[in-house]
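K.L.:
Reproduced below are the annotations present in TrEMBL:
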TRANSMEM  7-26  transmembrane segment
TRANSMEM  57-77  transmembrane segment
TRANSMEM  89-108  transmembrane segment
TRANSMEM  114-134  transmembrane segment
Amino acid sequence: MKKKYNIFNLILSIIQIIFILPALILENLSKKKMGVIRYLVFKKEEFSAGIFNTNNLIIYKWILLFISIIIIIIFIVNMKKKLKYKMNFFIIILLNIILFLFVSYEEIFKLEAYHFFIIEIFIIMIIEYIKFFINIFTNR
């Protein structure tokens, strides 16, 4: 069982690493290729009118702040115990902070692939939560 978990954890980690690449590639290509910049401008307008409008961004900030506070409290309460999944806690807290900064920092909006970065970090955070819960339930 432990070996299966380690393989599954490795696969999820590789998927997380692969997920960050498309936004970086799009941002890099946006400076070189006109078609990519057109696509990104179109998607930026589409996302800004939809799921990333200003009201939703405010809601996302509060949800992220709430989740971050809960995770930090759980981490502090369990700090004295020997947790095998402290690294998962640390990564989750770090991803929450990064996503919170992406949502709230105004200069980030200048990135052409801004919305793709947010979506990718959110997906990576969900995968990290899955790894965290699998780690908790396999170490009982």
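Just so it is clear, glycine is given a Cβ too, placed from its N, Cα and C backbone atoms.
Note that TrEMBL annotation is computational and uncurated.
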K.L.:
So are the transmembrane segment (114-134) and the transmembrane segment (57-77) touching or not, going by 3+ C-beta pairs under 8 A with a sequence gap of 6 or more?
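P.N.:
No; fewer than 3 Cβ pairs under 8 Å.
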K.L.:
Near the transmembrane segment (57-77), which residues from the same chain, at least 6 beyond its ends, have a CB less than 8 A from one of its CBs?
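P.N.:
86, 89, 92-93, 96-97, 99-100, 103-104.
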